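> Okay, handing you the structure first.
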Amino acid sequence: FAEFDDAANLLAANPDATTISIDEPAEIPKNQHSRLQEPGREEDDELLGTDDSDKTELLAGQKKSAPFWTFEYYQTFFDVDTYQVLDRIKGSVFPVPGKNFVRLYIRSNPDLYGPFWICATLVFTIAVSGNLSNFFIHLGKPTYHYVPEFRKVSIAATTIYAYAWLVPLALWGFLMWRNSKVMNIVSYSFLEIVCVYGYSLFIYIPTAILWIIPQKVVRWVLVVFSLCLSGSVLVMTFWPAVRDDNRRIALATVGTILLLHALLAVGCLAYFFDAPELDFPAPIIPAHNGTTVTTKSH
């Protein structure tokens, strides 16, 4: 107790003195680690989303600890609230130049809820809008009888979901392959790529509704506008992951991503909205002399 008595006497003599406990470790400045990093590495972490990757992998492992054949395993993919979904939709419609979509919105909690319902909504929007467009184009023609084309729903579903799953699967496999060839390549997870592609398709929902307007110029302007928005999200997401690869391979990868994205939009517009106008059978009009007269109509 002599030490406590000495400390009490010192405090009494100098009340403004500060005490330091030897049991408490010294606080390390938070920015000390960042100072030790290389200057160029910090920018790569910002674009590629590799900062705090250990924490992300640890959290991902905790979330997916259940076996893949159980319901709890897939339940984690839909563990997202309305605010997060709306925030990611807003990020896909209004991309921020120089910002990575995965880094800002996806990596903390990738989900399948948003991509699944966006694709489902897009399927029915394209099918219904395509039927309405066909109806308005032939409206007023006496030889035209409107018949709903329900097969457009199945065709649109096959096209949209195949694109939203098969293209990310191929891209994920390609990035994994290049990751084994080039050390600087950073590969996204398959779930993150699916999430990016799913949210990038949201802009086509209002675009498909506006495609009902029977003006080809308006439709093509909408296609170009939608491609610029959704394509920029894909480019800003995947370009940082391949830019350290061979220059030709990197450009070819990004070009293929944009080409497939453009083919989806142009194909949907050409098949569901700009289908060639069919010739309808000409009505047979009986004449007064007992013969029949056939009139040609288009």
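In case you wondered, yes, glycine gets a Cβ from its N, Cα and C as well.
Checked TrEMBL, it gives:
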type	residues	note
REGION	15-53	region 'Disordered'
COMPBIAS	41-51	compositional bias 'Acidic residues'
DOMAIN	93-265	domain 'Yip1'
TRANSMEM	112-133	transmembrane segment
TRANSMEM	153-177	transmembrane segment
TRANSMEM	189-214	transmembrane segment
TRANSMEM	220-242	transmembrane segment
TRANSMEM	249-273	transmembrane segment
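Help me understand the surroundings of these features in the structure.
In the predicted model, residues of the domain 'Yip1' (93-265) average a pLDDT of 88.
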> So which of 112-133, 153-177, 189-214, 220-242 has the most C-beta pairs under 8 Å when paired with the transmembrane segment (249-273)?
220-242
> With a Cβ cut-off under 8 Å, give me the same-chain residues at least six positions beyond the ends of the transmembrane segment (153-177) that come close to it.
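Counting only partners 6 or more residues beyond its ends, the transmembrane segment (153-177) has Cβ contacts under 8 Å with 115, 119, 122-124, 126-127, 130, 185, 187-190, 193-194, 196-198, 201, 238, 241-242, 253, 257, 260, 264, 267-268, 271-272.
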